[in-house]
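A.B. asks: The transmembrane segment feature in TrEMBL is assigned to 20-37, 49-71, 91-109, 121-145, 184-201, 213-230, 250-268, 289-308.
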Amino acid sequence: MRPDLLATMLLPSPLAHDYYSFFYLLGFAVAGALLLWEGWRRQYPLRPWLLVVAGSSLLLILGTKLITLSGPDWQYLWQHGLSQSQGQRSVLGGLLGATLALAGLRRWLGFGRGVFDAFALPFIIGLAVQGVGCLLTGCCFGTAAPEHLPWAVAYAPGTLAFLTQVDQGLLPAGAAHSLALHPAQLYQLLLCMGIAGALIGTRHRAWPAGLRFLLMLGLYAAGRCGLEFWRAPLGDVVGAGSWHGVKPVQMALLLAAGALLGYYAWILRRPRAAVVAAEIVPANQPGRTLPGAVALLALTAALGPQWLALPEQLVVKALLLPVVVLELGFWLLPSLTGRAQLALRAGLAALFMLLTSQAPAPPDSARATPRQSYTSISVGGTAGSSTQFFESPDYGCSGTTYPVSRYRQRYTIGSLGVARTLPVRRSGTLTLGLNASLGRSQFRPLQDTTVFVNGRSTFNTRPFEQGHARLYAFSPYVELAHPRYLRLGLGVHLGNVAYDQVYKPGELVRSRAQFLFEIGKFPLLYFHSSINYGLLGLGDGTSTVGIGSGFGQENFRLTGGLALVNSQWSGLDHAHPESERTLGFIRSSVLVKQRWEIEPVFLTNLTDVYRFSLQTRYRLPSRPR
């Protein structure tokens, strides 16, 4: 390596990771949170606003993929329908899809043009967050840069930029890294942050509705047109090629920027621009909101995992399902009487509470019975198996080109624990606990294996040579709970916790946080989410999200929903469609005679992931506090 290249940043880092998927979802999360805040600030009704956000998100996702299709792909789509997405994405199609969705849904639901402005800042900030993943992954990479450029980047073997340069004869196949490149993704990130700054800086100006969205689109089109000079043609998935040194996509962007910014300036200079109409806040229209939500859910189901990866489906369904449940509830309410109406009201109230993250007030302390502190001991175990991948072919938004070898892991773990539960204030409890676990994982390659180490010099082959590895963990945790409304748990697993790092075969996880959150009215309806909590954090870390109910009982709970396991977090590139089957879970908890608690958990995708856990706790005799 030449000395002047030492300052060049090497990506991905030696701690290889599926950066693109993480920042792709983080961008949606940040944009979604900002959109919900915008809706609250503008006093939009919740259910129609959720439908607008969900519909625009779905069309944005589809737009990023549809725009990358070639002419023959479109012809096949028109005649037969494509079996699955090609794995490539372009934000230009996403912008177009989201704009069309906003235009249609705002008219359908009665929103004014101000709804466009509500999307401007969240969209551009979400795009900036996703750009971090593109930079670290190496998709949509830049052109060759001078080696002395302080901010130049180089990419590790196995990345799209590296393989492209090898294919062009610019590098030997055994090179340590690619040639220095302009960080085109970083340039776009800075462009997005500059546009966000312009939107924030003009937020107090009295402009006609929709003008900020026009400004955002125009500035992005103009900036992206300039950035294309530093984007490698082979890193583009749309409008590549060159005509007199100019790409086709640049000509289209230049025309779009001129039209958008020209229209923006024309509206701003009109005499009527000084007269700003009041924000249009539509009323709830169940006759439109419910069919719209059902139609989008049906479209999401029809597209399936071939076009929408599981996390993308979760984004859309998490916004649409509350709309459907609430609208159906309000529609059925007048036709019910007696206990049925009371139960429906309670369920709707619980769902409203879940959407606003508020718990009902605790019961009157005057009626509270004397509470006691107690100690619990627990015994449990978990066993499961999953298919894992040796290496990632993820090229981010540029798609993927080659398969990866797989191996199967089976794990069995036993656990002992002790916990102390103390009363807190009127009705709450605080539990301090410690679990000790011991087990092992077994490893079996599913075929002869060739591994691209993606720039990593430490590939641990020992678990595969021995065929197994020992697992153990010490897991302290703390839980704050209300017996009827709330449960919040935090903790950590320490030790030889798991071998479940996706695309990192043989890499041991030595520490891992655990988290649990449940809120609602437990006997009726509640929301559940967990990350690596309890036994589910060992062997193959598991996260769950779902809803549950006690079906009117105080000593019984049943929870079900969707799950994600660390070993199957294969990103959003569709390189492994067999791993993208929806993973579901079911969990129950039974308290017998206020002493014994039994908690089984089962999850599977019915193909290559299975897990069963069982834990029982016994409450020792307690003393009044």
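Each residue, glycine too, has its Cβ placed from N, Cα and C.
Note that the coordinates shown come from a computational prediction; the quantities given were computed from them, not determined experimentally.
Map the listed features onto the structure and describe their local environment.
C.D. replies: When Cβ-Cβ distances below 8 Å are used as the criterion, the transmembrane segment (49-71) is approached by residues 28, 32, 35-36, 39, 77, 82, 85-86, 88-98, 100-102, 104-106, 109, 111, 115, 119, 237-238, 289, 292-293, 296, 299-300, 303, 307-308, 312, 315-316, 319-320, 322-323, 397, 399 of the same chain, each at least six residues removed from its ends.
Sequence-remote contacts of a segment are chain residues at least 6 beyond its ends whose Cβ falls under 8 Å from one of its Cβ atoms, and for the transmembrane segment (91-109) they are 48, 51-52, 55-68, 115-116, 119, 123, 127, 217, 220, 224, 238-239, 249, 253, 282, 285, 288-289, 292, 397.
Away from its own ends, the transmembrane segment (121-145) comes close to residues 11-13, 17, 19-24, 26-28, 30-32, 34-35, 38, 91, 95, 98, 152-153, 155, 159-162, 164, 179-189, 192-193, 195-196, 199-200, 212, 216, 220, 229-232, 235-237, 394-398 of its chain (Cβ-Cβ under 8 Å, at least six residues beyond either end).
A Cβ distance under 8 Å defines the sequence-distant neighbours of the transmembrane segment (184-201), meaning residues of its chain 6+ beyond its ends; these are 120-121, 124-125, 127-128, 131-132, 134-135, 139-143, 151, 153, 212, 215-216, 219-220, 223-224, 227, 230-232, 235.
If you look at the transmembrane segment (250-268), the same-chain residues 6 or more away from its ends with a CB under 8 A from one of its CBs are 92, 207-208, 211, 214-215, 217-219, 221-222, 224-225, 228-229, 239, 243.
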